[in-house]
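Colleague: Got a structure for you, written out below as structure tokens; questions coming shortly.
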Amino acid sequence: MNKILRGVVQFRQTVRKDLAKQFAEIQDHPTPTAVMFTCMDSRMLPTRFTQSQVGDMFVVRNAGNMIPDAPTYGAFSEVSVNTEPAALELAVKRGGIRHIVVCGHSDCKAINTLYGLHQCPKNFDSSSPMDHWVRRNGFNSVKRLNERLHRGPSAMKFENEVVPSQSFEAIIDPVDRLPVEDKLSQINVLQQLVNICSHEFLKEYLESGKLHIHGMWFDIYAGEDYLFSKDKKQFVVIDEKNVTDLMAELDARYPVPEDEKDQKVAFAHT
Ligand SMILES: [Zn+2]
């Protein structure tokens, strides 16, 4: 705790003034445009590696950046009592954000636990909330990992039954350079994109093109961030060389809806 307290004092002496200015500028009208689901790992600093500022995005963190899927779909769907769907509703319906980002990472302890349980199911501890969490929400990711290991680096389909337009294909680790746990981590990010769509209240936003879901992955030891490219069907490093192509892909896939363009013009004139 001493480190945290010393940090607060250091914060007061350095960045506080500048941050307070930003809070004052935004006041009660922050306009975040994205919600990021990422891992609680202490090495993950999402606002730092995206250089986000006050009011830019919502961040939800848990073990393994998992979003539990809806227990049932369609007219019979139940209301979920988990944090993650609640955060989705807050960000999308009340916050009006247009982008959901799921960001996983290399050497993820939650994913390593999931893989360990897959290798040795008898190690499952029925009194462990963590074991239950990763098994319940990582079950499908492990199934897809088995498929990837069996078939090699070919395109895998991530079918979306609830919102078919959100289906995509992915080639996980095309040159087989990642350890198996990191392959699972990347698959797990993409599986969450499917899980998110299972929540009925998002369907109309997704189908009308007002909401988009993206997968990212952070290589901790290299400090490199990747974006999943639906065009290239793989994770692509976000660097000076690739960023223009990645932004062009996003612009082409997710054009700003006509009615929102009008809103922007209206805001510009007020
Ligand atoms: Zn993690």
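Cβ atoms here come from the backbone N, Cα and C positions, even for glycine.
Annotation comment: TrEMBL describes Cys39, Asp41, His105, Cys108 as Zn(2+) binding site.
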Colleague: Around the Cβ of Asp41 (Zn(2+) binding site), how many other Cβ atoms lie within 10 Å? Please give the count over every shown protein chain.
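Modeller: I get 20 for this one.
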Colleague: Show, in sequence order, which residues other than Cys39, Asp41, His105, Cys108 on the same chain lie with their Cβ within 8 Å of the centre of the Cβ atoms of the Zn(2+) site.
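Modeller: Near the Zn(2+) site, beyond Cys39, Asp41, His105, Cys108, sit Thr38, Met40, Arg43, Met44, Gly64, Asn65, Gly104, Ser106, Asp107, Lys109, Ala110, Ile111, Ser185, Phe218, Ile220.
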Colleague: Within 10 Å of the Cβ of Cys108 (Zn(2+) binding site), how many other Cβ atoms can you find? Include all protein chains, please.
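Modeller: Cys108 (Zn(2+) binding site): 26 neighbouring Cβ atoms within 10 Å.
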Colleague: Please work out the number of neighbouring Cβ atoms within 10 Å of the Cβ of Cys39 (Zn(2+) binding site), leaving out its own Cβ.
Modeller: 23
Colleague: Specify the secondary structure state of Asp41 (Zn(2+) binding site) as given by DSSP, simplified to three classes.
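Modeller: Reduced to three states, the DSSP call for Asp41 (Zn(2+) binding site) is coil.
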Colleague: Return one of helix, strand or coil for Cys108 (Zn(2+) binding site), based on DSSP.
Modeller: coil
